[in-house]
Structure formats: C-alpha cells, structure tokens
C-alpha cells in the first residue's frame, strides 16, 4: 500500500513539475507579448494618463518649443507608420527610439526618457535611417530578462519548508521556534532593503551591488548544508538571517531598475506585475525542488539555493549599468526647467504602512491553511495552486491598473478582505465547507497577489525619479515587516479573543483586511496624483481634433 502511495505521489509530483514548466513557458510568451504587441517599433509617448498606449505607434508630430502634438492615423497601421515616418523630424524620431530601446548602441547607460527633445546630443548608432522591430524587441528583452531573474529570487523563504520536520528532529531544543528558520529570512530582509536602497547608486554601482548580493545569496543559502551535527540551532538561524539580508538587498533593486527603465506608468505596472509572476514561479520551483532534496536530508534541502547561479550569470552578462538617480533627476530638471526632486513624499510611507498591515493580517489565513484542511496532501496541493494563482495574477496588474489607476489598491484590498471573510466563515468546525473554502481561498489570493506589486507601482507614481532606489528599499522593508509580523499578530489576536484554535482568528483577521481596504479607498481619494508629477516620462499633450 505504501509503495502504491509513493508511486502515486511521484506521478502527481511529476505532473506538477510539468504544469509548472508549462506555466513558465506561457509566462515567458506573455512577457514577450507584453513587450512586442505591434510589428512597428514601440515609442514611449509618456503621457500622464496614457491617452495613447505605448504600443499605438502611428502618429505624426509637430514641435513647438517643448510641446508635442499627436494625431491618430487610419486603420492601416503599416501604411500610416510608413507615411508618418516621412513627416517626423529625424532627430526627434531617433530620440524616441533611443528612449524606447535604451540598450541599442546607447553611448550613455540610460537615455533621457522624458519624451522631450534631448539637449545632451544623445544619438543612437544606426544603419541608414531605419530600425527593425527585431532590434527594438531585443533592446526590451535585454532590459527585462535580468530584472525578472532578480524578481524570481525574491520568494526564497519557502524553499526549505519540506525539511522543517526533520530539522525539528535534528534540533529538539528548538521546539516550536523551528518556524523561525522561515521567518528569520523576512527579518533579515527588513534592514537590508533600507540599506540597499540608500547606498546602491550612490556609493556602489548597481551591477556590483546586485552581483555581490546574489553571490551572498548562494553562499549563505547553501551554508547549512555544510553544518555538522554538533552545530547549534542559533547558528542555523544566523545563517538564515544573512541569507535574508542577501535576498532583501537584491529584491528592491529589481523594482528600482523597473522604475528607472520604464517611464510609462501602464508599462511599468505590467512589468512589476510580471515580476510578481516570476516571484511566484521562483517560489514554486524552489518548493518542489526543496521537497525532493529534503528526502535526502534536512541539510540537502538547502542546496536548492544553488539555483541562484542562473540569475547570477544572467545579471553578469545582460544587465547594463543604469544612471544614478541623482543624474536622472538632474537631467530631468534641466530639460523641463523644474527643480531637482530627491525626497520621498510622506504619503508614500502611508501606502507602505498599509501594505505592512494587509500582509500581516492576510498571512495567518495562508499560514494556517493546513490546520483547516483535513489532509496534509490536500493542503499541499492547495498551497501549490495558490502559488500558481499568484503567478497568473501578476500578469493581470497591467490591464487592471490601466482601467482603475489609483483605485487598483483599494479594490484589490477590499476584494481580498471580503473573500477571506467568506473563506473564514466556511473554515469553522461547525460550518466547514471544503469546496467553498478552497474556492474563496484561491480566488481571494488574486487580491493578495495584486496588492504587493500594486503598492510598489503606486510608489513609483508618487516618488520622484531622484529617490527611486531609496523608495524601493523602504517598500521592500515594509513588505517584509508584514511577513515577519504575521505570527506575532496571530498570537496577539488569539490572546485578545481567548481563542483556543487557530481557526478562531481567521475571521477577525479577515475583517481587519476589509477595514484596511475601506481605509485605502479613503487614502486614494485624498491622493492627488498631479501633485506628485515631477515630469518623469511625461510631456504636455495637445490632441488634434
């Protein structure tokens, strides 16, 4: 009987691996579609409300000082593009192309992306006077691939989940504190996110900073594999803190690079959403690989972090050094006639605080899923399905943000809270409904997987480009603070309610999320986006009748 169960589990696991790689392939195709919707070369039109999509290429331009006029052509896009090219001032056209494709023979690491005429004599080397769409797509791919590779390393806490039971046997003195093997990673990410955002681009080059962080990720992640039986539990936790420090150092830099590279707000939302998708795909790969390695020993499951070698190679060979935040801010100010802005507005921290609270009160529903479901195998598959939902959800942020703009966060937060309330009501022993519980748990996770990248996206719209890296460092710290506080929050709620079972705290925590969702509506209502426009990627548009 045990043999049959073992064979069945192996078949199911292999099926999961197959599904996971199929999803990875489809995710790659989705990302390619995201960056190459049209046959014509993309042009960053960079308008505040994105009246024209970044992919709506055909246009004619006329310039007067620093103003740009856009007019749509007819339905024949190829003919319109050919006709429009003849009317475009060549210097202006190549400036726009240079903005859309920063890695195409650019003499400067990062081009001016304000959508205005360049004043610094930046021109792209080119053959003749035309660029192929393949060259444009290659430029976008070169920018996106290393960013996605860094995002994929962000979800590293769960890589050793499968080995917790055997770790508990190896360290009997740890008792219930064995769970800190996971949460210590989040604790390490909090200070490192802030420090990384403060020093990278100011005292350390971006490439150097990211490469050093990934090397530390690999070394500290695999270190417990070399621990002998006489090592203390404290040493294991110390290695996990250092590992978390490495993860927290690199992760905000992926967000910062997205901020600095893509100035179109809809495009930026799509890229950050795709980053969340790769975050979840990385988590799924590590959980499956860690599960098999845990069959060897608890030390072997830490070898899963050798996967960091892949992003390391990608970053070394594909990541170009961007401009410093201060340089981008100075150039923007010079071209727009404005002032150099480098301060993070206080309202940005309110959005980060909301992220901390929502994550802290949502995590108990996720963490205690196995206490609700009747079988550990079912809970394992539900959690795997949740990760897949998170991966698919990432690709919906771009379209959702394009429709809802600043209301994306409150809608996602309220959606999460309401679905988790229904989930909690069906998790109680007297009214347990397996189908409704699983359905609301998985569908509600859409809101959770949107809130995280959408907060980062909102920060990019509130913060000037001169504070891009620092802001993303703080955002990562606030996010991970929510992850770390989840267990203390659960303990506090149980103590206040005098609850005896973890299922008793799910409903109160979910109700708090609903309240936070309502507060986000209030916060969004008081957020005047026009006050935080520093001109980054935005020009005044005049539409022809």
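Every residue, even glycine, has its Cβ placed from backbone N, Cα and C.
Listed ranges 152-175, 296-319; the one TrEMBL annotates as transmembrane segment is 296-319. Recorded stretches compared: 178-199, 407-428, 505-526; the one with the most Cβ pairs under 8 Å to the transmembrane segment (349-373) is 505-526.
Here the transmembrane segment (206-226) has Cβ contacts under 8 Å with residues 150, 153, 156, 159, 196, 199-200, 236, 239-240, 242-243, 245-247, 249-250, 253, 257, 299-300, 302-306, 308-309, 311-312, 315-316, 319, 321-322 of the same chain, all six or more residues outside its ends. No contact links the transmembrane segment (407-428) to the transmembrane segment (296-319), because fewer than 3 Cβ pairs that are 6 or more residues apart lie under 8 A. Here the domain 'Major facilitator superfamily (MFS) profile' (142-528) has a mean pLDDT of 90 out of 100.
Counted as Cβ pairs under 8 Å, contacts with the transmembrane segment (271-290) are highest for 379-400 among 178-199, 232-251, 379-400, 434-456, 505-526.
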